[in-house]
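Feature list (source: TrEMBL):
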TRANSMEM  B:37-56  transmembrane segment
TRANSMEM  B:68-101  transmembrane segment
TRANSMEM  B:113-135  transmembrane segment
TRANSMEM  B:142-168  transmembrane segment
TRANSMEM  B:188-206  transmembrane segment
TRANSMEM  B:235-255  transmembrane segment
TRANSMEM  B:267-285  transmembrane segment
TRANSMEM  B:292-311  transmembrane segment
TRANSMEM  B:317-336  transmembrane segment
Amino acid sequence: MHIRQIIAAPATRRIVASAGIVGLALTASACNRASSSDSGGGGGGEAAVGVTLITKDSTNPFFVAMQKGAKADAGKNNVKLTIASGKQEGDDQGQITAIEDAIARGDKGILITPMSTGVNAAIKKARDAGLYVIALDTPPDPADTVDITFATDNRAAGKLDGQWAAKTMAGKPAVIAMLDLFDDKIVSVDYNRDQGFLEGMGIDVADPKKNGDEAKTGTYSGGDYTIVCNEAGNGAEDGGRSAMEKCLAKNPGINLVYTINEPTAVGANAALEAAGKKATIVSVDGGCAGVASVKSGVIGATAQQYPLKMATLGMEAIAKIARGGEKPKPTEGLDFFDTGVALVTDKPVDGVESIDSTKGADLCWGN
Amino acid sequence: MSASSAPSAAAEFSRRRQTPLQQVQHQLHGRPWLSPLFLLLVAFLAFFISTPTFLTPSSMGILLQQTAVVAALGVGQTLIILTAGIDLSVGAVMVLSMMVMASLAQDGGMPGVLALVIGVIFATVAGLLNGLLVTRINLPPFIVTLGTLSIFTAIALLYSGGASIQASHLPRLLNVLGEGFGIGEFRLTWGIVVVVIIYAVMAFVLSQTAWGRYVYAVGDDAESARLSGVPSRRILLGVYTVAGLIYGIAAWILIGRAGAATPNAIPDANLASITAVVIGGTSLFGGRGRLIGTLIGALIVQTFAFGLSQLGVDQQWRVLATGVLVIIAVAIDQWIRKVKA
């Protein structure tokens, strides 16, 4: 075997091994320091409760916001928080590894935005080991894979938009464009927001899990309505713009636009401006860019959701359980724990609770 | 010329032959896996001191389970790097093979054995294709596998339609390597056993057979190996094919471990396998290294990742640590290579 060493390698550069050894020592001591400061950082008397937050990735603004919020709040509940995620969308293995690490570490609970059904087995392993597992943002499939899900009530979010819009239209005929998320697949967030909006307007939605099956004309709580279109914008600016253009082609008299999220709303506004039209736009999400659009008047009202709160309320719940407290229960009438939603608008109406864009900017997520 | 210039460049340091440091250097030269082993022991010690959950039977079981797939891939990668090549298509071949196995069994309704065999054949053929491109068209392995990385990934996506398949819907045989056994809290999986077998077999082949010697010879200097009668091309073709076969077996291990066959599983498999090989002391210039080193290398990476995680350190730090480890490992390797023959 050693014959191969006879044919010597090309001249090697000078690298002193001691540099490597020093590096190693530094790495090792850095680890030690990390541990002592971490474990020593807990509050007086009570042991810190270990919680792991596992997101799908560490770059999506929604997850970044979640991680930031959780980190900032970990101290409050004397939680020793570990942050982990998949390397990218679809990286089941990354989440499985993180779950196993949490079990081995003796954490009391896991907060997870489950990647796919591929992590179900690992979640079960964690629950068998006595960890309390909370899904954030989206329930896993099946929902009882986890102990409970903390998420936004998207139907309630849509409803707030609808109620505000109905009051804002104040009896005028409403000519409505519905800019949905998809038209090639059915996802709950899509129909919950869409149907919630129409319910808020006081329009009969027929099948509450189906977009676009309601009567095209009729009466809403304030007067007559016409639904011009249900177009998919895929949740992005360009999609929102072309969807709105299609709707305007059908009926240039549109004066009320529902959008699935704020990028779609921005695109819809661009189409309206280009056509020289004005309409009231409502949306959902409450990201910081979206709130800024409310302030500038592009969006009339947006329903704000709280990814940070999902993480911090989840941590709080696990800390409570670990100290002998009660487990969280699903919000009444829902199969998940509602992390709340608030309507952000600078034109408040009677009977619909809302916050202004300044307050909304304090609470918003992302950049 | 290089053989004579190296010592003279270092002459000022190495005039006196037997300083303790030189003795160490000499030892390491003969056994390039000694320094990674030392690194591994230091890591164990550091984590043992700093966290109570690290050196427990259950943790050790988890650590081994987490290492299995990358360790298996590392065998194929080692073979290729020993021939002074590199394989960037490792992950793609594994995923392709996994998707073939899973969808044949689920959608094709094929018995587990057949799906498994066809999946492994797919991987083997993929390896053979890499080998053919390297030996027949004389393209650099980096370029070949960079290309096939995209090709195999695309085929896996086209074939599966991007959908993942739940392992629980698959025949037991495809899942069996994820099943466990063990004493008390120390749980191992059959996948780990398979990995150990792969290492034992391939280590024997590399060190005890003519084929193994040829692999080293080709990696050392393909041209002089050819001139001295080594069938270089055939050896290279064999190396890529065997590597493919091993990736196919890794796919089997992964299905059992993952709980689902996903087209974008283990996104960093290529780099992880190369990292394990490099930390394990195998030279990227070919011809020098041992499989045991790769096993230790894979364990080091996972030990740091797991240990830091047990300390509650965010995962970005483990990625950073891996980078530091790679540089340390190569630095030590370079130093060792300066030893006098």
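For all residues, glycine too, the Cβ spot is worked out from N, Cα and C.
The transmembrane segment (B:235-255) makes no contact with the transmembrane segment (B:317-336): fewer than 3 of their CB pairs lie within 8 A, with pairs spaced 6 or more apart in sequence.
Below 8 A, the CB atoms of the transmembrane segment (B:142-168) and the transmembrane segment (B:68-101) form 3+ pairs separated by six or more positions in the chain. By the count of Cβ pairs under 8 Å, the stretch nearest in packing to the transmembrane segment (B:37-56) among B:68-101, B:188-206, B:292-311, B:317-336 is B:292-311. Of the ranges B:68-101, B:188-206, B:292-311, the one with the most Cβ pairs under 8 Å to the transmembrane segment (B:317-336) is B:292-311. Contact count against the transmembrane segment (B:188-206) (Cβ pairs under 8 Å) is highest for B:68-101, out of B:68-101, B:113-135, B:267-285, B:292-311. By the Cβ criterion (under 8 Å, sequence separation of 6 or more), the transmembrane segment (B:292-311) is not in contact with the transmembrane segment (B:113-135), since fewer than 3 such pairs are found.
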